[in-house]
Amino acid sequence: MSTNRKNDMMVYCSFCGKNQEEVQKIIAGNNAFICNECVELAQEIIREELVEEVLADLSEVPKPIELLHILNHYVIGQDRAKRALAVAVYNHYKRINFHDTREESEDVDLQKSNILMIGPTGSGKTFLAQTLAKSLNVPFAIADATALTEAGYVGEDVENILLKLLQVADFNIERAERGIIYVDEIDKIAKKSENVSITRDVSGEGVQQALLKIIEGTVASVPPQGGRKHPQQEMIQVDTKNILFIVGGAFDGIEEIVKQRLGEKVIGFGQNNKAIDENSSYMQEIIAEDIQKFGIIPELIGRLPVFAALEQLTVDDLVRILKEPRNALVKQYQTLLSYDDVELEFDDEALQEIANKAIERKTGARGLRSIIEETMLDVMFEVPSQENVKLVRITKETVDGTDKPILETA
């Protein structure tokens, strides 16, 4: 209940001592009263403490070499991309700390360096971003660029990306404003041509323009209930200037653009180096000009100054992914069966066959789990009920479906 000035009995705030005539409202509780001014003060103190906690969490950002070490525990291969990401993430949070602690007289303004990751499906783009966010203990959200539309069209507004980050941060705005957002499949909203279209491009340039605003840094109005179905809802203001955006895509066919550019240079200058070599890695040669030619607007490219190119994973890479990282799939399934007191072994040839299947299906690392699930289905179904089974051995023939796994009993 609340009391106001019409009450005959004078009531005082238990915290500041003011009476109901000196404040707008006093709220009664169990044997205590609090005025609206003390409520507002308490809220402000809580907000300040939350900001301090967020800043304290990021005050000692791991050095690039430490971030690389963390990534190496979970991500196999992609050494150049991991180095680029480690440096970019370290500099990003160092920049935030600089802005939070610098004197007003300092005129150096460190600008944000968002990241563009280019690499084939299943090469580890999402997992890299996810691992970085987890290692820094910052909120992380994933968005699919193909689901976005510009304002006024049916689809998801770009502001909903920020809503996802807020949800992960339990609507702690200060914490969300220092999070990481990964926007996947940015290549799917590339312009259909380099020429500016007179007509509206719902799934291409318009979405890129909308993304540009939040990526470069703006105060965005985020609908807490999402979408456009609740026009009367009170918006949440989120400042995106300190949110790190990592944008990724496969960019299928961009190698041809790179080859064409390098080939022209060869003709023009008489060089006969890696531009002619079909076996060279053109992904590492990508520059802003190639990305623009692919269909990404130059303004957006300018807000993504850090390029991290990921290579197609080889059979050897995939085999290592299966067994080496801390969360390797082989270790996960061994742990699952260990709860039934059963050991699980994979022959080297079996792991090679799983990797070959993933490459044939063009699914990369993300397809490994589904292949193991197919291989392990009967084992996971039958073995828990067979008390005498102590070891399961997966062979190449088990993976290709020509034979059953080898079971050893007690």
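The backbone N, Cα and C atoms fix where each Cβ goes, glycine too.
Annotated features in Swiss-Prot:
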BINDING   Cys13, Cys16, Cys35, Cys38  Zn(2+) binding site
BINDING   Pro120, Thr121, Gly122, Ser123, Gly124, Lys125, Thr126, Phe127  ATP binding site
DOMAIN    1-54  domain 'ClpX-type ZB'
Notebook entry, point to check: CB neighbours of Lys125 (ATP binding site) within 10 A?
Noted result: 27
Next item on the list: Using all protein chains in view, find how many other C-beta atoms are within 10 Å of the C-beta of Thr121 (ATP binding site).
Entry: 16
Check: For Phe127 (ATP binding site) and Cys16 (Zn(2+) binding site), what Cα-Cα distance in Å is obtained after rounding to a whole number?
Finding: 52
Margin query: Tell me which of the binding-site residues Thr121, Gly122, Ser123, Gly124, Thr126 ends up closest to Cys16 (Zn(2+) binding site) in space, Cα to Cα.
Written below: Thr126
Checklist line | Spatial separation of Cys35 (Zn(2+) binding site) from Gly124 (ATP binding site) - C-alpha basis, Å | finding: 54
Item checked: Cβ-based isolation winner (fewest other Cβ atoms within 10 Å) among the binding-site residues Cys16, Cys38 -> Cys16
Margin query: Using the alpha carbons only, what distance in Å do you get between Cys35 (Zn(2+) binding site) and Ser123 (ATP binding site) once rounded?
Written below: 58
Notebook entry, point to check: Least buried of the binding-site residues Pro120, Gly122, Gly124, going by other Cβ atoms within 10 Å?
Noted result: Pro120
Next item on the list: Identify which of the binding-site residues Cys13, Cys35 has its Cβ surrounded by the largest number of other Cβ atoms within 10 Å, counting every protein chain shown.
Entry: Cys35
